[in-house]
């Protein structure tokens, strides 16, 4: 009896840390529906790869890099200095809008970023992990779009 009470109490105290994490195929579908398939010449696989290496598919991720003095927001860890209202606001939106699991604002801002001269190279993680990968197709394996 005591053990079940203790386990029940522990169950109330433990909050899953990955509740906001989306599945790979869910991310692929949302990005596809948002028009990122072949946007500016980048395949959907590139976008899914980027999302994984930036946030592990967590649309509510916030990462503060105190060394470089920036904060990254959302699925693509969009940086505050240039893209949202805590900086130059080139995407014309609040940084908190980038934390919505529906991904609409995130996709809108990502399109603005990738139209720039650096394209997806604006994300160092894409350059390191996705750009020349010969296994990009795996990011869509088993996904129904």
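Here, residue 1 is simply the first one shown, and the rest follow in order.
Using the three backbone atoms N, Cα and C, a Cβ is placed for every residue, glycine included.
According to Swiss-Prot, the protein has these features:
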type: SIGNAL; residues: 1-19; note: signal peptide
type: DOMAIN; residues: 20-145; note: domain 'C-type lysozyme'
type: DISULFID; residues: 25-143; note: disulfide bond
type: DISULFID; residues: 49-130; note: disulfide bond
type: ACT_SITE; residues: 54; note: active site
type: DISULFID; residues: 84-95; note: disulfide bond
type: DISULFID; residues: 91-109; note: disulfide bond
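Taking the C-alpha atom of residue 49 (disulfide bond) as reference, the shortest distance to any of the disulfide-bonded residues 91, 95, 143 belongs to 143. Mean model confidence of the domain 'C-type lysozyme' (20-145) amounts to 96 (pLDDT, 0 to 100 scale). Note: the CA-CA distance between residue 95 (disulfide bond) and the residue listed as 'active site' rounds to 16 Å. On a Cα basis, residue 130 (disulfide bond) lies 11 Å away from the residue listed as 'active site'. The 10 Å shell around the Cβ of residue 91 (disulfide bond) contains 23 further Cβ atoms across the protein chains shown. In terms of DSSP helix, strand and coil, the domain 'C-type lysozyme' (20-145) has 57 helix, 12 strand, 57 coil.
Within the set of disulfide-bonded residues 84, 91, 109, 130, the entry lying nearest in space to residue 143 (disulfide bond) is 130 (CA atoms). Counting Cβ atoms from all protein chains shown, residue 49 (disulfide bond) has 23 others lying within 10 Å of its own Cβ. Here the candidates are the disulfide-bonded residues 84, 109, 130. The one whose C-alpha lies nearest to that of residue 25 (disulfide bond) is 130.
Sparsest Cβ environment among the disulfide-bonded residues 95, 109, 143 (other Cβ atoms counted within 10 Å): 143.
All protein chains shown were included, and the count of other CB atoms within 10 Å of the CB of residue 84 (disulfide bond) stands at 25. Rounded to a whole value, the Cα-Cα separation of residue 130 (disulfide bond) and residue 109 (disulfide bond) is 20 Å.
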